[in-house]
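Features of the protein shown, as given by TrEMBL:
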- 185: active site, nucleophile (ACT_SITE)
- 213, 214, 215, 216, 235, 236, 237, 238: substrate binding site (BINDING)
């Protein structure tokens, strides 16, 4: 069996000519976060502690759409969301509508451990954060120049966009607002040396999303799910992931059909979700790892105790 870990920084129609200034910082962060996660697993930290630790690091990186790098709503504000789940107990916690919390994933864990509930949102979640003494900052902390520009582009095009969207021509104001064609979120899954599974996911949502919109990330069973068989963290078009109940369906195919993790994930990604809408990372109770997506690429990394390690964006890349 042994420990295993996988993480993602978003999937989508990521162009293979993505400029080095956008690609390299993300790759460097994935590599660093993978190393942090591996070190924690080798130190016999629990899977739950590891996925929280790794996602906190990803939230602190302005190059990903979560925490510091969260994209902006139609009003130019941030509304962050996150969730965490322990596979052994199925305990879970989720938050959304956060505007001041530095690390939403840690607040999600506090919801799981310190309240009788699973999900807190908006003013209630912010009040709980203050009550628990978690780190908060002025909301301007999350308004990065890059995301201001993304919002400007989305407004000019009169559309909702997902991370990695390239500049597009301005659309007529009378045109309907289509779904975006790019994706971004962060997540981590792990199995520890004791055989425990856990998953954590965090995001800023969609560029130019309506205020109050909630995606798949905090909805248990869609973007985030773990039980005694596997742990899954998804990234993609939230509405598509919710409709396909991506996380739970991977686990259900393993539980009821006896599929391997790889086969279950491949079926959900290729057969259940529309092309170009979803990616996921997952680990199983046997230490199997899979990183499946039906988009052009996905920022991803993984490592196992058996010695396998991988970091990549597109399917043509080889293992490290």
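Just so you know, glycine gets a Cβ as well, placed from its N, Cα and C.
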Do any residues at least six apart in sequence from residue 216 (substrate binding site), in the same chain, have a Cβ closer than 8 Å to its Cβ, and if so which, in order?
222, 223, 234, 236, 238, 239, 241, 242, 246
Rounded to a whole angstrom, what is the C-alpha distance between residue 214 (substrate binding site) and residue 185 (active site, nucleophile)?
13
Nearest-integer angstrom distance between the alpha carbons (Cα) of residue 235 (substrate binding site) and the residue listed as 'active site, nucleophile':
6
Within the chain of residue 213 (substrate binding site), which residues six or more apart in sequence place their C-beta under 8 angstroms from its C-beta?
73, 79, 205, 206
Per-residue Cβ crowding (10 Å cut-off), top of recorded positions 185, 215, 238:
185
Looking only at C-alpha atoms, tell me how far residue 215 (substrate binding site) is from residue 185 (active site, nucleophile), rounded to the nearest Å.
11
Around the Cβ of residue 235 (substrate binding site), the count of other Cβ atoms that are within 10 Å:
34
Residue 214 (substrate binding site) CB neighbourhood, other CB atoms within 10 A:
19
Residues 213, 214, 215, 216, 235, 236, 237, 238 [recorded substrate binders]: greatest CA to CA distance in Å:
16
Counting other Cβ atoms within 10 Å of each residue's Cβ, which of the binding-site residues 236, 237 comes out lowest?
237
Between residue 237 (substrate binding site) and residue 185 (active site, nucleophile), find the distance joining the two CA atoms and give it rounded to the nearest Å.
10
